[in-house]
Amino acid sequence: MPEQTLFQPLTWSDLLVMAPELALGAWFVLLVVLELLLPRKASPSWIGGLTLTGLLGAFVLVLLRMIESHGEVISLLGDSYRIDDFASLLKLVFLAATALIVLLGLGTVQQDGVIADKGEYFYLLLPAVIGAMTMASSQNLVTLYIGLELLSITSYVLVGLRRKSSLSAEAAFKYVVTGGISSAFILFGMSYLYGVTGSVQLAGINAALPGALEQYEALVYAGFLMMIVGFAIKIAAAPFHAWSLDVYQGSPTPIAAFLAVVSKGAALAVVFRLMFATALFANSDRTAVSGVSDELFFIVLLVAAASMLYGTLAALRQLNVKRLLALSGVANAGYFLVPIGIAFTVGHLNNISEFLFYLIAYLLMTIGAFAVHTAVSRAAGHDEMKGYAGMYYRSPWTAIAMILFVLSLAGLPVSAGFFGKLFILLGAERAQAYWIVVIMVLSSVISYYFYFGLIRQMFMRSSNGLSPGADSLDFDAEEGYPSRTPGSPSPLALKEAEAGQIETAAAAEQASTEAAEPEAGASPSAPVSGLADGVIRIPWPTGIVIGVCALLTLGLGIMPGPLMELIQQVFSFPLPSH
Amino acid sequence: MDFFAKIAWIIPLLPLAAFLVLMTLGRGFRRAGAWIGSIGALGAFVLSLLVLSERLKPHAIDYSYNFSWISIGEYTLRIGFEITNLTALMLVVVTLVGLLVNIYSAGYMASDERITVFYGYVSLFTFSMLGLVLSDNLLSFYLFWELVGVCSFLLVGFWYARPAARAAAKKAFIVTRIGDAGLLIAILLLFWNMPGHALDFTSIQSIFGGHGGSFTDGITTVIALLIFLGAVGKSGQFPLHVWLPDAMEGPTPISALIHAATMVAAGVFLVARTFSIFEAAPAAMETVAYVGAFTAIFAAVIALAQNDLKRILAYSTISQLGYMMVALGLGTMTGAIFHLFTHAFFKALLFLAAGSVIHAVHTQDIREMGGIGSRMRVTAWTFAIGGLALAGIPPLSGFWSKDAILTAALEHNPLLFGVGLATAFLTALYMTRLFVLVFLGKSGSKAGEAKESPLVMTIPLIALAVLAAIAGFVELPWNGWLSGWLTDEVIEPHGSVAVIGLSIAAGLLGMLAGWLLYGKGIAGSQPLASRLPRMVKLAERKFYIDELYEMVFVKSLRGLGACLAAFDTYVIGGAVKLAGSAAGAAGKLGLRLQNGQVQTYGVAAVLGVVAIAVVVIGRRMLS
């Protein structure tokens, strides 16, 4: 069953609809040319500022489009590109996240000598985010794949931007190879699906699947399995996550944040759309969701469970903050997959709002945590957790912001992450997927251990040897894989700190301000010009990022209602059409 | 016009803003601390007064505003605030006492290094307490209820360098938690059973007031008793009263604000707020009345034998809160709120005056004082006014509110009336003892250097003394203005001469006995100890309640704790070790996968595909 209208040319009105993507593309070309003309000294911050402007402009365009279309769905290019509220909301999220990351980059670029003279550090984010936007809007396997590759290939370059750093080069190489594996899985799965259904349109696949199942059941399963696995690699879900630790560690921190938020978010959005637009279909007598469909969604839940458990368990022993955040991203990929995997049921239709709310919460807490980390790691000269030691006394406001982000990551009140997880949890409960509820709660509880380990570090006074716990956190810099020596301090120390004991040593405040990490530069990734004197300096763009993320995390933690209602109001996700 | 009621939500935000500013400033700005705290309290007080003045107009309609906070599925959680006559009155009481305590503390805490932190905590407490008062539903009420508990914990343990203060803070927190657990269960039961899971006071009132809904008598009684358990913990009623005397380890202004006038009264306020539930459960009402009566006389007896100035006042607070509970149990909410209202003023006054004394003589033992009256005239006079108000001598405020309660008691339950009267006698007795030993007679060992406190401390004393003297006139036996205003029901003015006479007689007799025993010393220097040694010993040791709890609960819980610790070490610990070694093994496997070799990552992915396929196929085969 070949398609009649496989190709449809772009019309002028289509151009208008695609204005955000096209404008970003044009802006990108302009910036490439501009960089050649600008003096070398001035270029990075100029290019960064212009990139930011472009992103904000696209944000406004998307917003205007959304307001104008009133939830109406626009399909372009022979139904391969779809602009609906789900896509528009996602685009807003991606653009906002990228804007925050550009700001963060502006904060770090001056200090990071290796990339200080590279404008592409900023403008390469534009094609990447266009890729993410294309993925969010794709209604067709081919468009989807193009978007994915556009995002991936630019990300490879961004990861390897610090050419002289071997860690960065290694990360880029690994990312390319893993990305290739992922693409191979995805293409392989797509080819099976196309083969058995004869269509690359998501709706077409959905319509043809019940018929195809009669003959080629095994191939349908194989196709979906391969595609899910391919995307699981992209979103760093366990056991397909191994690359993410090395890549996050090796790439510049803002880029790591981009990978953690935008790349992951775009791939998750695609999984969401793919699963609901193709894999959800009724059984033959049209009374319930088909058994096959059920099993396909079960695969997603399986990956979710593995990610949540692995992400938290592996993080227990992790002492490198970037790798820790990568593992936290693995666990979070699991949480994101839950609303995707539990499908729609009669009692539960809120998957999209749960997903989007958590995506926004995740965006805020992850970018916020990475932003704090840029400042802390520069002060400490390395990426280890002990760089946070005594942070509360050195830089109380940043420490408070970080505590907020960590609370949010751990899913504790009063933070956006708490409500995000709560909504997902309640959704799973309403869909009666109790086993996944148990795993979610279990992994959250386990995660408190290492999240609070980070907070405990902040309240510890490392410099004057007051804290008995400092010595037990050892890092083996040679091997690169940290290990926790036995007899780590009990959480009692933390409780005492909370009970107000922290104020006993007012004098230590002065002492710790000049606290320098004695063995700075333990990690090979130490920035060349990093001032390893222990003083946490927050450049103003970083400060804005931290402030915005912290305030919004707190705000959503107190009042999640308005945002949740907004999302629920606007979404118009296509239910299966038959 | 209900303009000020509409903006009442600003009231708690002012102290909150003060708190935030103080926390931001840090410890450096010592003088600014007092100013910022006091300005926040002043703003809240002025607004509260405006709200109250609006309520005083005839036919003021209750104002409430709420918005949806979180909606999960079909259930929407709404929170908001509510202005009724009761809440407006509480607002004024809390902000007024809060303001005076703020001013007073500028003198009392002047030499403390952490005065800014102190003002920060006080502002946070004021915010929480106002939030509690304004809450229109049990859930936010509970949040603020816990928050005032936290503030109490922080402020009792403010001088954390002293072991006694740390212990007291912990005790205060833990003992009240027992009550809080009861309240939480009550809220959960209500949530479960209320139509539409409504937790706002208006719905509760309409459901229980209408004698209906899905509530059986049994569940209503259980809920009422559990709510009362919360009130027992917070208001220091027997048997959870043990924390309140120990809480006197905190700074004295805190004792006046939190442990006399506002937070401990929150229990009474809670019962008053959910009164419709109690009215629907007669058995719970009786429990409230009897627990209150027992607490009243029990604490009064203990107060008689104590030698610590603040502890005597603390036991007196417990006793007076018992009075309020009696009033609630008898069904006269007005009596309880009226007594809460007057008590807030005279007890805050007594505490602040006591603080003034302690500030001057640096001891709390009344045996080391004596003859201070001539040196500290303002303190002595204001203390006397507060003491007379507490003892129930007309025309001071305490007399009228006590009279309202005793009248209700005589009508409904002669036994409670007798207990109330006996308590009134004891109250007068121990207050006379206190006053005589502290202010009159020969100079004690530490009284020599006593000087009058600075103006910033005496002005709040004078203000409170005026209020303690006149606050009772809002409700007179022959003119029930307050009851008409507070509750819709019109209570017949009784003007029972018998009650008034007996009440005055009890007070005067108590004072006379106190004067004879301690002032004239007709029975020797240890008048009671020599006559009734066992009784006095028993009261001095607070009826060995603390020791009993130590034996029964703490020891047995320690034992249980030891068992659990053993269980933890061997069973859980073993399991953890097992899990640890399993995780270690998994970690080795993980490390083998996470070995930095990208080809291994690829292998892992393929293995993952196989694993998923196996699980899916296995699941299908099993089902």
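Glycine is treated like the rest: Cβ placed from N, Cα and C.
Summarising the annotation, TrEMBL assigns domain 'NADH-Ubiquinone oxidoreductase (complex I) chain 5 N-terminal' to B:69-119.
Taken from TrEMBL, the feature domain 'NADH:quinone oxidoreductase/Mrp antiporter transmembrane' covers B:135-426.
Taken from TrEMBL, the feature transmembrane segment covers B:32-52 (among others). Long-range contacts of the transmembrane segment (B:32-52) within its own chain (CB-CB distance under 8 A, at least 6 residues past either end) are made by residues 4-5, 7-8, 10-12, 14-15, 17-19, 21-22, 25, 83, 88-89, 91-92, 94-96, 98-99, 102-103, 105-106, 115-116, 118-120, 122-123, 126, 130.
Beyond the ends of the transmembrane segment (B:83-104), by six or more residues, the same chain brings 2, 5, 8, 11, 15, 34, 37-38, 41-42, 44-45, 47-49, 51-52, 54-55, 60, 62-64, 119, 122, 126, 129-130, 133-134, 253-254, 256-257, 261-262, 269, 272-273, 337, 340-341, 344-345, 348, 352, 355, 456-457, 459-461, 463-464, 467, 485-486 to within a C-beta distance below 8 angstroms of the stretch. TrEMBL lists B:83-104 (among others) with the feature transmembrane segment.
What TrEMBL lists as transmembrane segment is B:116-135 (among others).
TrEMBL lists B:172-192 (among others) with the feature transmembrane segment. Within its own chain, the transmembrane segment (B:172-192) has Cβ neighbours under 8 Å at 138-139, 142, 145-146, 149-150, 152-153, 156, 199, 204, 219, 222-223, 225-234, 240, 242-244, 246-247, 267, 270, counting only residues six or more beyond its boundaries.
Per TrEMBL, the feature transmembrane segment maps to B:254-275 (among others).
Marked as transmembrane segment by TrEMBL: B:287-305 (among others).
Residues annotated as transmembrane segment in TrEMBL: B:312-330 (among others).
Marked as transmembrane segment by TrEMBL: B:336-358 (among others).
Taken from TrEMBL, the feature transmembrane segment covers B:416-441 (among others).
For the transmembrane segment (B:453-474), the list of distant contacts is 96, 100-101, 103-104, 106-108, 338, 341-342, 345-346, 348-349, 352-353, 355-356, 359-360, 376, 378-379, 381-382, 385-386, 389, 395-401, 481-482: same-chain residues at least six beyond its ends, Cβ to Cβ under 8 Å. Look at TrEMBL and you will find B:453-474 (among others) tagged as transmembrane segment.
Taken from TrEMBL, the feature transmembrane segment applies to B:494-518 (among others). Sequence-distant contacts of the transmembrane segment (B:494-518) (same chain, at least 6 residues past either end, Cβ-Cβ under 8 Å): 391-394, 399, 402-403, 406-407, 410, 421-422, 424-433, 436-437, 477-478, 527-528.
The annotation transmembrane segment is assigned in TrEMBL to B:600-618 (among others).
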Beyond the flanks of the transmembrane segment (B:287-305) by 6 or more, those residues with Cβ under 8 Å of it: 225, 228, 232, 237-238, 241, 271, 278, 312, 315-316, 318-330, 413, 415-416, 419-420, 422-423, 426-427, 429-430, 433, 528, 536, 539-540, 542-543
Close approaches to the transmembrane segment (B:312-330) from elsewhere in its chain (Cβ under 8 angstroms; 6 or more beyond its ends): 231, 235-238, 241, 244-245, 247-248, 255, 259-260, 264-265, 267-268, 271-272, 275, 278, 285-300, 302-303, 306, 336, 339-340, 343, 347, 350-351, 354, 366, 390, 402, 404-405, 408-409, 412-413, 416, 419-420, 423, 426-427, 430-431, 434
DSSP residue counts for the domain 'NADH-Ubiquinone oxidoreductase (complex I) chain 5 N-terminal' (B:69-119), split into helix, strand and coil: 29 helix, 13 strand, 9 coil
Cβ contacts under 8 Å made by the transmembrane segment (B:416-441) with residues that lie 6+ beyond its boundaries: 289-290, 293-294, 296-297, 300-301, 303-304, 309, 312, 316, 319, 322-323, 326, 330, 357, 366-367, 369-373, 376, 380, 383-384, 387, 390-393, 402, 405-406, 409-410, 502-503, 506-511, 513-515, 517-519
Closest-packing stretch to the transmembrane segment (B:254-275), where packing means Cβ pairs under 8 Å, from B:116-135, B:336-358, B:600-618: B:336-358
Surrounding residues of the transmembrane segment (B:116-135) on its own chain - C-beta under 8 Å, 6+ positions past either end: 8-9, 11-13, 15-16, 18-19, 22-23, 25-30, 32-34, 36-37, 40-41, 44, 79, 81-83, 87, 90-91, 94-95, 98, 101-102, 105, 109, 141, 143-145, 147-148, 150-152, 154-155, 158, 251, 253-254, 257-258, 262-263, 266, 269
